[in-house]
Amino acid sequence: MNHFLDIHKTSPDDLRQIIDQAAQMKSARAGRPKGTPDDDQPLAGRMVALIFEKPSTRTRVSFDVGVRQMGGETMVLSGKDMQLGHGETIADTARVLSRYVDLIMIRTFDETVLTEMAEYSDVPVINGLTDRTHPCQIMADIQTYEEHRGPIKGKKVVWTGDGNNVCASFLHAAGQFGFDLTFTGPSQLDPEEEFIGLARQAGSTITIERDAAKAVAGADLVVADTWVSMHDSQSSKERRHNMLRPYQVNDALMAHAKPDALFMHCLPAHREEEVTSAVMDGPQSVIFDEAENRLHAQKAVMRWCLDV
Ligand code: CP
Ligand code: NVA
C-alpha cells in the first residue's frame, strides 16, 4: 500500500512522478475558479478523512480543496473531538476509519501516532506534519523551486535557524532529489544526526556552518521557518529567540546568496523575527507560490497513494 509517510520512504522515481504530475495538474486548470472540478475526476466516489491534532491553515484548506477538485469528499476531524483524544488506541482508530474512508491524512505530535496509524490502517495514510517531519510541504517546495529555476538536482539549499521538522524533510529531499544542503543555526538546534546521515549516504553534501553569511554564500535557495514550532514549549521562546537572532534572513544576508537565489518559508511566518518583511515581500521570495503548490503537490500525492 502506498502510504506517504516521509520523503525518504518514497522512491526517487515515485517522488519525481508526483512532482511532474503536480505540475501538469496545475497547468491543466490554470485560470479556472478554485471551486470548479478538474477535467479528470480520479477521486470520484472516494472519501478522505483529514485529522488535525494541531492547528493548520494551509494543510487543512489545500487538502480539502484538492480532494473536491478531484471529485472526492472530505471530512475534517479535530483529534481532540475524536475518541482518539480520549484514550481509544491509534490501532483501533485506524481499523475503524478504514471501514469508512478511502484515505487518511493526519497532522499529529508524536511520529509514532502516524506510523501506528499506517501500520493498522487498511487504506493509505498521509503525513500532514509531525513533530519530526513535514513531507507534503517539501514536495510543494520542490515543485516551486523547479517551476522558477528548473531542476533542483545539484543546487545549494541553505536552511537557516532551527533544525526542525521542516528542515528534516528538506534533508530527506536532499538525498532523494540530489541537492546539497547547508544548515546554519546554533548547535543546540542542529538537525538530527540520523537525517544528516541519510542524506550523506544518498550522496548529498550536507554542511553545518555556524556563520550565517558564510553559509549563505553561493546559495541557490535560502529557507527559513518559525523559531518556535507548534511542538515547542512557549517557555522556551525567549531562549530560542536569543539563540536564533543571528540567523534572521534579511536583505544583508540574502546579499551573500547568488543574485538569482530564491527565498522560501513554509508559513506561518513571524515577520521581523526569522525573516524581514522586506525579504518576504521582495523579488526573491516565492512564499505564496509554495503555499499554492501545497494544493497541486498534495493532489498528486493523493493520486499516487490511491493509484488513480
Ligand atoms: N505550512 C503549513 O503546513 O501550514 P499550516 O500549518 O497552516 O498547515
Ligand atoms: N515548524 C513549524 C511548521 C509549521 C507548518 C511547526 O511545526 O510549527
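First residue shown is number 1, and so on along the chain.
Cβ coordinates come from backbone N, Cα and C, glycine included.
Site annotation (TrEMBL): carbamoyl phosphate is bound by SER56, THR57, ARG58, THR59, GLN83, ARG107, HIS134, PRO135, CYS136, GLN137, CYS266, LEU267, and the candidate from ARG29, ARG239, ARG294 recorded at this site is ARG294. When TrEMBL records ASP225, SER229, MET230 as binding L-ornithine, the matching candidate from ASN127, ASN165, ASN293 it lists for that site is ASN165. Checking the binding-site residues ASP225, MET230, CYS266 against ligand 1 with a 6 Å cutoff on the Cβ atom leaves CYS266, in sequence order.
Proximity of the binding-site residues SER56, ARG58, GLN83, SER229, MET230 to ligand 2, judged by a Cβ distance under 6 angstroms to any of its atoms, singles out SER229, MET230 in sequence order. The DSSP breakdown of the domain 'Aspartate/ornithine carbamoyltransferase carbamoyl-P binding' (3-147), given as helix, strand and coil counts, is 73 helix, 21 strand, 51 coil. DSSP gives ASP225 (L-ornithine binding site) a coil state; it is part of no helix or strand.
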